[in-house]
Amino acid sequence: MLVLTSLSFSIMVLFCLAMTKHREQVLESEVSMLAVRFFRPFAWLLLLFTGYLSVDMYGWSIGPALLFGALTIATLLLILLLTYRAKIVPELAIVLSLIASMSIFIA
Amino acid sequence: MKDNFRQSMKWFHTWVGLVVGWILFFMFLTGSLGYFYQEITRWMEPERPFVVQQISTEELLDTAQIYLEKHAEGADGWDIMLPNIRDQNLRVGWRHPAEPGKKRGKYKIKVLDVNTGDKVERRATGGGRLLYRMHYRLHYLSTNISYWIVGFCSMLMLLAVITGVVIHKKIFTDFFTFRAKKGLPGWLDIHNVLSVIALPFHFMITYSGLLFFLFTYMVLSTNLQTNEDEYREMRKEIYPRTVHLDKTNQAAKMLDISFLYQQAKTTWQASELSYVEMFAANDVNAHALFVRHETDITYNPDDEITVNAVTGEIILSKHKQYTVAAMIHNGFFSLHEGQFSGPVARWVYFFTGLIGSAMIASGLILWTTKRKPKQMKKTNGPDFGYRLVEQLNIGTIVGLPIAIAMYFYANRLLPLDMANRINWEANVMFISWAILLIYPMFRPAAKAWYEQLQLATLVYIGLPLVNALTTDKHLFNSLNKQDWNLAGFDLTLLLVGGCFAFAAYKFKTLQISKRANNDREIEKQTNRPVQVANESLLPLQQVNKEKC
């Protein structure tokens, strides 16, 4: 569940960075448009992977249900951070996805 | 009606939401607490012992069997509920033989102390079950009427969810947008964010909620389309049949349940037993059913293992016969109740339920915020309708949580030998709610909000203290014994109290800055300084410093 939430957070950060108004909120330096164009497809890929992972971990019925829960919590966290602590969003996304991938490899 | 589609949907969403908003808030909040009803019951029965760490399942089964052999003689079946993360006590239950003229006998449930093997004398309490049952079985009303009211509200909720999606103009571009602004835009953002992020949950919970009383709501349709036999057949398909094992009245020596469990668990990977059902105990026909924690939302036949309790052989045919319709139906129930969820997922369920309650609350506040400027300009003061909505908002959004805390207070403070104690626990809750609904009538809205927020802080932070004064199951002891179940409850109360304190503080600072803004406006218009009381200036300066 925590792995799913961490990955969901990274997915949502990618989706949000694909939008100009949020990118300005979060990032101080300009990112090349080429990189930005990859954010959204990458987010979808990661979402597919997380969906696969949830089914792999919890079975075809419980997995997707937990994924929706994870997405809800992750999005709420991201929205609150965007409003009150926008600058730490990229760092947190990187740290959380590192923790998630580490726990996948360990388990 | 209104000129175009979106406008009319907006009108519909506004008024549908308003009419049933307060009942929905009640349903969502008590329903969210239902995800923890076992944990709440354990807290409300402080006579139960602390968790006993490191005790094997076999030992527990032996303790339960010895007790049942002694006390549940003549009962048709036994249940043994093993300690788990939600309820860390061993519980046993059995149904007495039916009295003449009655269909079923009385069901008794006992909590056992695993150290002594004897039952624990518990106080009379409604527990978490009574609290969560309120969310569909409105306490004082008759079953049928409550189902209809609940169904009506849920149906309107479903419509509000759908129309909400229709009228949200920029659901994707504003997906992450939350501007912490005062007044209308801020509340609109809050309402949108809370609705959109948990939309799958809102839809699922409302839709599956409607399925619960399917045969009540669809009575016309089933009556018209089926005759009695067909109706019975349909019910059989939806509600899975249990293979019933009756007594043959030939006594037989049963094997130990712990021994049977060792036979059964070889097919499971880990020790994950949740409960045991014993059919026709001490009879030739005795069977034990071992059930583990659910591993599928619909139904996984491998979650149950039946063993012949006399011979010890595993029975391969399944205990329940599921049809496809039954599996879908069971799936929706399981999704609604989150039966399959582990500890973290359960918190997520609870939290999403709270998001739902907050969404309803923000919608109700939005209604008054939108009308406030116009209403305040009226020479005779705001209309009755506006004042009523404001009053109900205060009395429900802050009043109901206080009333729920009062339910817990009643559990600790009412005399233990009181007659009708269970009823009075609930009465205390509803009397407090009624007082808090009436109270805002006599106070200016801003003051009533602030005072009730303060009261909520006080009652929630006071609850663990009252717990410590009246029982030995307080935070200090439960942390010491590493009983996270009990400790978690007290810590959650403190956290909720903290949230209310923060809300009260924020409310006050916003009120002060609003007043200061108004004064500045007047200064601008009249070129004359307005005197501001010193005490209100002080926090304002702090706020300004924070902003700098």
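Quick reminder: no glycine exception, Cβ is built from N, Cα and C everywhere.
No curator has checked TrEMBL annotations; they are predicted automatically.
Note that this is a predicted model, so its numbers are computed, not measured.
Annotation comment: TrEMBL describes B:12-37 (among others) as transmembrane segment. Beyond the transmembrane segment (B:12-37), the same-chain residues lying 6 or more positions past its ends with a Cβ under 8 Å from any Cβ of the stretch are 86, 127-129, 131-132, 134-136, 149-150, 152-154, 156-157, 159-160, 163-164, 167, 205, 337-338, 346, 349-350, 353-354, 356-357, 360-361, 363-364, 367, 389, 392, 396-397, 400-401, 404.
Per TrEMBL, transmembrane segment is recorded for B:145-167 (among others).
The transmembrane segment annotation in TrEMBL covers B:188-215 (among others).
Under the heading transmembrane segment, TrEMBL lists B:347-367 (among others). Sequence-distant contacts of the transmembrane segment (B:347-367) (same chain, six or more residues past either end, CB-CB distance under 8 Å): 14, 17-18, 21-22, 24-25, 28-29, 31-33, 35-36, 184, 187-188, 190-191, 194-195, 197-198, 201-202, 205, 338, 341, 389, 393, 396-397.
If you look up TrEMBL, you'll see B:388-410 (among others) marked as transmembrane segment.
Annotation comment: TrEMBL describes B:422-442 (among others) as transmembrane segment. Sequence-distant contacts of the transmembrane segment (B:422-442) (same chain, at least 6 residues past either end, Cβ-Cβ under 8 Å): 124-126, 130, 134, 139-140, 390-392, 394-396, 398-400, 402-404, 406-407, 409-411, 414, 448, 452.
Per TrEMBL, the feature transmembrane segment maps to B:486-505 (among others).
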Beyond the flanks of the transmembrane segment (B:145-167) by at least 6 residues, Cβ under 8 Å: 5-6, 9-10, 12-13, 16-17, 19-20, 23-24, 27, 135-138, 195, 199, 202-203, 206-207, 209-210, 213, 216-217
